[in-house]
Structures are given as C-alpha cells and as structure tokens.
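Listed features, source TrEMBL:
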type	residues	note
TRANSMEM	19-40	transmembrane segment
TRANSMEM	109-126	transmembrane segment
TRANSMEM	132-154	transmembrane segment
DOMAIN	200-272	domain 'DUF1736'
TRANSMEM	261-280	transmembrane segment
TRANSMEM	292-313	transmembrane segment
TRANSMEM	319-336	transmembrane segment
REPEAT	389-422	repeat 'TPR'
REPEAT	423-456	repeat 'TPR'
Amino acid sequence: LNYLIAGGLHPVGFHVLNIILHAVISVLMIDVFAILIGGLDYDEKGWTLNHAPKTSLLAAIFFAAHPVHTESVAGVVGRADLLCALFFQLSFLTYCKAFNNGSDRDDRFSVRWVVVSLVLCAAAMLCKEQGITVLGVNAAFDVLLICNVNVYELGHRLLFRKNPPDLGEIVQMGLLKRLGLMSLGGLLMLYARWRIMGTGPPAFTEVDNPASFEENVFTRIVNYNYYYSLNAWLLLCPWWLCFDWSMGCVPLIKSATDWRVVWLLLLWCVLIGLISQALCSPDIQRRRTLTLGLVLLVVPFLPACNIFFRVGFVVAERVLYLSSAGYCLLLAYSLGHCCYRWIKYKKLTCIMLLALLCMYVVRCALRSHQWRSEQSLFSSALSVCPLNAKVHYNVGKNLADRGNTSAAVKYYREAVRLHPNYVHAMNNLGNILKEKNELIEAEQLLSKAVAVQPDFAAAWMNLGIVQNSLRKFEAAEQSYWNAIHYRKKYPDCYYNLGRL
C-alpha cells in the first residue's frame, strides 16, 4: 500500500508514513495513559472519560519526543516497531472496551471485545513478536484495575494462610474466564509463530550476543543485568545512541571487581524501591499507577531480556519503543506528584520539565539529521562505540563506495584488529590491497577469511584473482572451483576461471 501511494520505492513516502504512524501512536498514548492513571470510566455516550488529563498528556508528549525512538521512526525498517505498537495499543483499548455497557455481555464483560482484542494482538505479533506481550499488560490491567486486587495483601494472605481471600467475587466478575481466553489465544499464537519459524529458534553467532555464549552462569547473569542497566540509561539519558551495539561495543564483565557492576546494583535498587512503593503504598491510586507503569515498562521488554530465549543483539534501541511508554508514564506521574506535594517548588519543577523536553527535541533533531545518510550515521557511532568492529567496517565500506580507498583501508584494518575473524572486513581489505598491487598481504587476508568461513564464495573468487596475479595458477583454479562449489550461479567466477 505504501509502495502504491509513494509511486514506487521513493524514500520520502515511507518516511512520511513512519512519522504519521508515530504521531498517531503518540496521540493514542493519551487514552492509554489516562486509563492506566485515572482508571476506566465511560460517559453516557460510551466515550472514555479522562480523569488525569494533564498527566496523561504530559506522558504522551514525553513519548512523542523521546530520542530513543529515532531509530524506529527515521529508519524505514522501523515500520515493524511502529505497526506493532499501534496494534498493541488498539488491542489494549479494545480490551478496555469489553467493560463498557453493551449487548453481547457475559458476566459483566463483552466476550466479543475480548476476541477482537486477541485478533489485534495477533496482528501486533505478526508485525513483531514483541506484540504478544500486550496479553500480559491486559491481564495486569484486569487484575489491578477491573478486579481491584491488592497483590501485596493477596500474596501475604496466601503465604501466611491468615484470613484466606474470598475468590468467589473475582470468579463472579469473570476474571478467570477472561484469563482463560487470553491464555488460549496466546498459546495458539505462539504455536503458529513456532510453525512459521520452522519449529526451531533462529541461529545467532557469538558476536551478536557474546554474553549468551558464556559457559559460566554467573557471568551470563551479571552481563544480562548490565545490559538491562544500559537500556535503562538510554531511557534516562538518550544522548549516546548507536545503530549497532554488537561486536565488542559492550565488553563483557568477567570479574566482580569490574566498576560497571555498580550500574546494575543501582538499577536493582531503583527497581526494588519502585516495586515496594507499587505494592506497599497506602495511597491506592499511587499503588495502582506505579504497578501498571512498571508492567508497561517491563512486560514489553521481556522478549529482549535473554531469559526465555537467546536474542541476536546486545542492546537495540528499537526494542525500547513500547517499553519507553512505561518509563514516560512513571516520569510524568512522578513529576505531577512532586508538583502536588511541593507546591512552593512548582515553578522550578515546570522549568526543569521544559528543559527536559527541550533536550529531548534537540537530541531528536540531531539524531534524525544523523540518519539522513550512511556516512553521518556510521560516523556518529565512532564516538559511542569505538570498540565495535562493525562500525569501523561500515565507515570503511562507505568511504570505499565513494572512492576514498586510502581512508577506507585504515577503518578496515581497525575492524580486523578489533575482531580478528571478521571475514567481510578481511575480504574488502584484501580487495583494496589487490587493486593497490599489495598482493602478498591480500593473499594472506583472503586465505584467512576462507579458513574462518569456508563457504564464503566471494572471498574464494577474490583469492583466486590474487593467486592468478601472483602466477599461482593451479591454486587460483582450485580457489575458483571452491567459489563455484558454494555458489553455483556465479558468472563473474566462471568468467575468471575461463580466462585462467
């Protein structure tokens, strides 16, 4: 549809639609935040009443302007995240609609709207697997807001077997039936996704997610938690943004004396503080809002946390698109609470609020400008992830494509130094050295590349060309045949073999 509207593969049309989608999602966030903060209530016409207009609007503005969203909005491939978020919101809002007055009702809720919510959840999951987490948000919303269950009190009673809770009223409200419907729908979606994937998980390499390949369980846990703290820092201070965080960008923590352990300890201190307030606060509304805010922050992030299965990245800004909504909700609610409690500092709080929004807007503008070209995007990553071999490789490739091979050699060499088995960097560097007639080093690099990855057909062909220039004709012939073995339809290689 976008292709037809844009009149072909013209980038402007795709970027404009991405911006429109982000705007629509940001507006819908007002309704989502209003329900999570002020509760679910409808007027006589069936429209949702907003009992927290200022806080929900502020949270939605934070969401609209947050710089961590630049990757999802400025990158055309981010369409998956945007559509997932849109269907995620619609699934939640239609689930809320199930508790409005309607004809098709069963035990104080509409089965029809619950089914529609499940269909929208499936649509969100088809856009991106993260979409299925809306079921967790819907369930938490149902338990905490519709059934008004005090989780802390319920857990305390069940644990100490004192005054066991009367579950009859909850059953009467249809909670178990709704949870059963969502569980069944979720299992069917997971089964369908499992079949689509070919009944097996995708394969990732160690450079994509090095912590997940660590044999020591303690090292894995520590590094996973450090990754969580990095994601939290991107939400708190989104100044260091990078298109890729793999390949040594985040060195592994291998010792308890590593100073970076402080960050994960700080993260858990803050989380424990928020959870204690969410469970034990005497204020019912604060307890409910903080709990739902934490649910919206944590639950959409679960597929990216490495707990249930291995993921193919260390840190990815795109996976924070939905989770940032929970952060924006908590931030806006906290600022509103500060204004209410410390009325004499209200002006100071407003100034800080405006300063924060201005910082977000400026950072968004700068980051969007960096996404305008490959050169600016790749170069911007050098200061954020100087240890990332892929960053140096991409900068070098961009320079080589523009004809600046001398500068490209420096970046390719750095990529190979940082990651000695980086076959693509070795292949491209070998190609440039071949053109510069530095044949001995080119042969060494290309030989190593095919030793590391024997099915790398392009490297085999380039190795054959170098060996041919060195008058190693038999070796060159064998290299060409190896390239053809791994890539049957390889006209360039047949041509070079015919010349030989």
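Even glycines carry a Cβ here, placed using N, Cα and C.
Summarised by DSSP class, the composition of the repeat 'TPR' (389-422) is 27 helix, 0 strand, 7 coil.
For the repeat 'TPR' (423-456), DSSP puts the residue distribution at 27 helix, 0 strand, 7 coil.
Averaged across the domain 'DUF1736' (200-272), the predicted model reaches a pLDDT of 89. According to DSSP, the secondary structure content of the domain 'DUF1736' (200-272) in residues is 36 helix, 0 strand, 37 coil.
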